[in-house]
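Student: If you scroll down you'll find the structure; I have some questions about it.
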């Protein structure tokens, strides 16, 4: 594999890392907000003493 | 007698090695109880497929091409991605998202612990794999067998065998790999951090709406992940909706059991000596281990980073539970916490992170596929 091609592949690897980690964090953060909203809108029953 | 000698003589040294590997897989499954549902069938099939002229695989016997039964199953269930998706219905039905919904903060660990996937993509590229192959190898780090199969069957079907073997083997080895990785980046004092659990009940409406909303989000943000996410959440909806208990029980038991048998048999089709015994396979298995370790380390380091800003400290070991090996990883974390401090109960937090790891790995797999689509 030529040096330039190898460098291109590694750049793509870093691009994939940024896309992947950024994407996973973004989606799970969105789900985090959804969880909070759901818990606020439909709170679970609390034990009455 | 002559045919026995002829058969014995036609078995190559490499095929004998593969049969020994099959024996080791069965030993790990039966004696050590490591993922026996998969390792036992995989082990026996590793022996089956390495016998020449049996018709188990598509072979030419006596000048006639015979379609092998395992190849038929492979084409029906793996090439079409049917088996991993069906397994996801069962997994979804087994998962209780309650601990996650009551502590949604744990979701962030499910994201951080996917770091190993992308780290290994770079490593694999460096060692000469192309970008699709590197991405498929990285997914081993998701510690999620069905996702690994789903992604690699699309991006690098030629590497499906070693990737599936590595994914399931490392999942089985969580109790050995994770403690070592965690101890590498934590101090005894950090492992003793206690976390008080606030048990908050989750309403039925929240439990029902959660899988539906996740499906919608996945469909919009990462549409390629929808088969995985959709089937996982469908299984969970069966569990939570309250009116389909019979289907939920079937998904958790009969469906998972039947598909596990078929999956165990079919992924081992690629365990032939010619396809498996080469430097590339050994590299994939080694990279898979690196991905797995880096996932755990990524989760732990993220937890340590958060502790710099939080008043209520998080036990950093919780971060390592953000991998997808459910529920084994959360159990390992609890055992480690109690080994350091008998009164330390972090299980519910670990379960929350572990469940979020299940979602995180599926999303990561979908994003990898989305990157190339």
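Any Cβ shown, glycine's included, is placed from N, Cα and C.
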Student: May I ask you to indicate which of B:317-344, B:345-372 is given in TrEMBL as transmembrane segment?
Tutor: B:345-372
Student: So are the transmembrane segment (B:282-302) and the transmembrane segment (B:72-95) touching or not, going by 3+ C-beta pairs under 8 A with a sequence gap of 6 or more?
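Tutor: By the criterion, they do not touch.
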Student: Which stretch, B:12-30, B:107-129, B:208-235, B:345-372, tops the Cβ pairs under 8 Å count with the transmembrane segment (B:72-95)?
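Tutor: The stretch with the most contacts is B:208-235.
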Student: Other than its close neighbours in sequence, what residues sit by the transmembrane segment (B:345-372), given a CB gap under 8 Å and a spacing of at least six beyond its ends?
Tutor: 88, 91, 95-97, 99-100, 102-103, 106-111, 113-114, 117, 131-132, 135, 138-139, 142-144, 147-148, 150-151, 154-155, 194-195, 197, 199, 214, 218, 222-226, 228-229, 232, 299, 314-315, 317-319, 321-327, 329-331, 333-334, 337-338
Student: Let me spell it out: take the transmembrane segment (B:208-235), skip the flanking residues so only those 6+ beyond its ends count, and list any with a Cβ under 8 Å from a Cβ in it.
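Tutor: Sequence-remote neighbours of the transmembrane segment (B:208-235) are 81, 84-86, 88-95, 97, 101, 146-147, 150, 241-242, 248, 251, 358-359, 362-363, 365-367, 369-370, 373.
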